[in-house]
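A.B. asks: Okay, handing you the structure first.
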Amino acid sequence: MQKYIFNIHDVVLFMTVAECFLLVIFQAILPVKNQLANRLLSVFLLSIAVSSACILVLWNENVRLFPLFDETLLPYFLVITQLLKGPMLLLYVTALTQDSFSLNRRHWLHAIPIVIALLWLLAFHINGSDLSFKTLHQQQLANAVWHFIKVMPFFYGLMAFNKVRLYLISLQDQYSTFSSTEPSWLKTLSLGFLITWTFSILVHVVANTIDSPRISDVIGITENYIVFILINALFINSVVHTHKLLTTKPELSKDIKVDEKLTDSAIQKVQQGMETQKLFLKQNLNIEEFSKRINLPVKEVSAVINKHYGTNFFEFMNSYRVEEAKRLLGDNQHAEMTVMDVLLHAGFNSKSAFHRFFNRLVGMSPTEYRKQQLQKEKAG
């Protein structure tokens, strides 16, 4: 039974390697808007493919290439690809979500863990047999390598997940309308890889602390299945959803200091933009366009909305839209307007978003609200 599980484990690794290479080819063929994100995704897929292949060669006695690779080169390929996938995921998420993102010298800092691990391998002459614990004299040094290459991706997974979390906050600070489908996919994928790399640490801990190869094998197999599923989901996301993602500017300062007069003036301009110009009626309005319309810097608009009104741009705009919808629904002169007409006129462009906001802020559906207001009017 154990042999059967191990064979399935091998098949999944083979499939992961093959699929990653195929997806890299597809990525090169498919037309994409964000070339940098596309290239980062390709490197991420290649790192998973090569690291999976190295794991297969390292632990399966029946899979061998040639002695120079198996003993000497394999540890270097394994270490590089294991430590590369974390930074690639983080940079991929950043390239998808941050406006005008480009790589610079600062990003070379992500190579420091790789350099440290390579120097460790060189300094102590750690080879493939050492990493698979076939030799006893290098066991602790080899285990230190495993500690390092298991833990580092986990921290990058945390950073990638946090990057998506901050992105969702920025969307609400900078847009009045956006689809939640694409960000949800990105959040799920980043969480998936975080869970996978947590599993990887768990396998390593179990192998080092509990004398039960069966438990560590089962957890390891589960991890490989999750990786295989995530690779497929990642490709679907890159083809179907990533081109629809909105990008955000680097986080606006929440601690902007403006003098008292300017703050009063800024509040007045924001109020005029909403109550006189009724800019909230414009669908797909973002904070930059709103700032231009009221002739106020984006940072000051953000400061007024965050500090004076105690909310974000997304909630601020849609609360005014709900009030406009209430006005239309409660006015007998607009009784012929359908709910769809009302939501479009109020500045919404999504039926689900309108109903979600209306129910939350008013406590009832638009239809119920209209009926209630008409009954009050008749009773009056």
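The backbone N, Cα and C atoms fix where each Cβ goes, and this holds for glycine too.
Below are the features I grabbed from TrEMBL:
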TRANSMEM  12-32  transmembrane segment
TRANSMEM  39-59  transmembrane segment
TRANSMEM  74-96  transmembrane segment
TRANSMEM  108-126  transmembrane segment
TRANSMEM  146-164  transmembrane segment
TRANSMEM  185-206  transmembrane segment
TRANSMEM  218-240  transmembrane segment
DOMAIN    264-372  domain 'HTH araC/xylS-type'
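Describe the structural context of these features.
C.D. replies: Panel annotation: around the transmembrane segment (12-32), residues 38, 41-42, 45-46, 48-49, 52-53, 55-56, 221, 224-225, 227-228, 231-232, 234-235, 238-239, 242-243 of the same chain, lying at least six beyond its termini, place a Cβ under 8 Å from a Cβ of the stretch.
Outside the transmembrane segment (39-59), and at least 6 residues removed from its termini, the chain residues within Cβ reach (under 8 Å) are 10, 13-14, 16-17, 20-21, 23-24, 27-28, 65, 69-70, 74, 77-78, 80-82, 84-85, 88-89, 91-92, 95, 128, 131-132, 224, 227, 231, 234, 238.
Cβ atoms under 8 Å from those of the transmembrane segment (74-96) belong to residues 34, 36-37, 40-41, 43-44, 46-48, 50-51, 54-55, 57-58, 103, 107, 110-111, 113-114, 117-118, 121, 126-128, 130-131, 145, 148-149, 152-157, 159-160, 163-164, 167, 186, 190, 193, 197, 242, 245, 247 of the same chain, restricted to positions at least 6 beyond its ends.
Proximity of distant same-chain residues to the transmembrane segment (185-206), defined by a Cβ-Cβ separation under 8 Å and at least 6 residues beyond the stretch ends, is recorded for 86, 89, 93, 96-97, 146-147, 150-151, 153-154, 156-158, 160-161, 163-165, 167-168, 212, 215-216, 219-220, 222-223, 226-227, 229-230, 233-234, 237, 241, 245.
Across the range of the domain 'HTH araC/xylS-type' (264-372), the DSSP-based residue counts are 81 helix, 1 strand, 27 coil.
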A.B. asks: Using a Cβ-Cβ cut-off of under 8 Å, list the residues of the same chain that are 6+ residues beyond the ends of the transmembrane segment (218-240) and lie near it.
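C.D. replies: Same-chain residues near the transmembrane segment (218-240) but 6 or more away: 5, 8-9, 12-13, 15-16, 19-20, 23, 26-27, 30, 32, 38, 41, 45, 48, 52, 185-186, 188-189, 192-193, 195-196, 199-200, 202-203, 206.
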A.B. asks: Across the domain 'HTH araC/xylS-type' (264-372), what does the mean pLDDT come to, as a whole number?
C.D. replies: 93
